[in-house]
Amino acid sequence: MIDLSPLARRLAGTPLAEWANTLQVQLDKKMEKGHGDLERWQSALDALPKIQPTEVDLLDGLKLDTNCDDETRAQMRTALMGLSPWRKGPFDLFGVHVDTEWRSDWKWSRVSPHLDLKGKRILDVGCGNGYYMWRMLGAGADSVIGVDPNWLFFCQFQAVQRYLSEPNAWHLPFPFEDLPPNLEGFDTVFSMGVFYHRRSPIEHLLALKDCLVKGGELVLETLVVEGDKHQVLVPEDRYAQMRNVWFLPSVPALELWLRRAGFTDVRCVDVSMTTVDEQRGTEWMKYQSLSDFLDPDDHSKTIEGLPAPMRAVIVAKK
């Protein structure tokens, strides 16, 4: 059982207190339903060695370490490999380098210089395995709550969390839609790599805004295309082999949508092409990756002939 009472205590006296007191029941019900692979992943978690870090670095990466022997490291590696595939990272856990599909540290280095997270209460929507949540804590956040319905990501988060005492980060295996409306309790809300999967992009922006306190900050990272404020790509079918991609606006169009949704001080702080060095297959993620989704003769296009992935980071205030 995952005990959420520390989260309820952390949020006592905040606008999120009432919601926090409902989460244990909601999580327990979700755990009862379970998932077909949950038992296998739980076995991997149970196989993790029972050691404590003497070195913790969440600021310059994600590294936990202590003096341990080769046998312990081998046990750690086998258990972590049992939670494959690992998408977001990398993680350095007691001498085991988890070389994830994504170099998420590169994205964080593009995003974090534009943010002040010290003392902030943060919501990370579509948090994956929680890599960015740990980096947010490293940047001084007061507390971070991530929501993502993927059970494997939930278990990967638990693998790291068990080695950190009172980490002030919680992964809830819920879809964003399960959050109640008008929470208005977070200083900063992140939505990274989620927006283009939404069929109703403006509704997503409004829902994100409802989670923020007045004056709070949204950090939105999503796929974009070149063009003016009227330019939006809607794929006919797949985009980079993904079926669930709906809207890829230009940066000016996205900024317009944010203003229309009621955000102010809207600014684009980064635009970057996604390269096959940043997203690729590894021994920790052995399935297809970006190189398989691009035109083999022209990496400026996807395999469908559409513009290759380009990502923008937009920051805006409520």
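Cβ from N, Cα, C; glycine included.
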Out of G126, G215, G216, Swiss-Prot lists as part of the carboxy-S-adenosyl-L-methionine site with K88, W102, K107, M192, Y196, R311 the residue G126
Same-chain residues at least 6 positions away from R311 (carboxy-S-adenosyl-L-methionine binding site) with a Cβ under 8 Å from its Cβ, in sequence order, are K107, E221, T222, L223, V224, V271, S272, M273, T274
Please list residues from the chain of G126 (carboxy-S-adenosyl-L-methionine binding site) whose Cβ is under 8 angstroms from its Cβ, counting only those at least six apart in sequence. V147, D148, F176, S191, M192, G193, V194
Largest inter-residue Cα distance among K88, W102, K107, G126, M192, Y196, R311 [record-listed carboxy-S-adenosyl-L-methionine binders, Å]: 18
Secondary structure of K88 (carboxy-S-adenosyl-L-methionine binding site) (DSSP, helix/strand/coil): coil
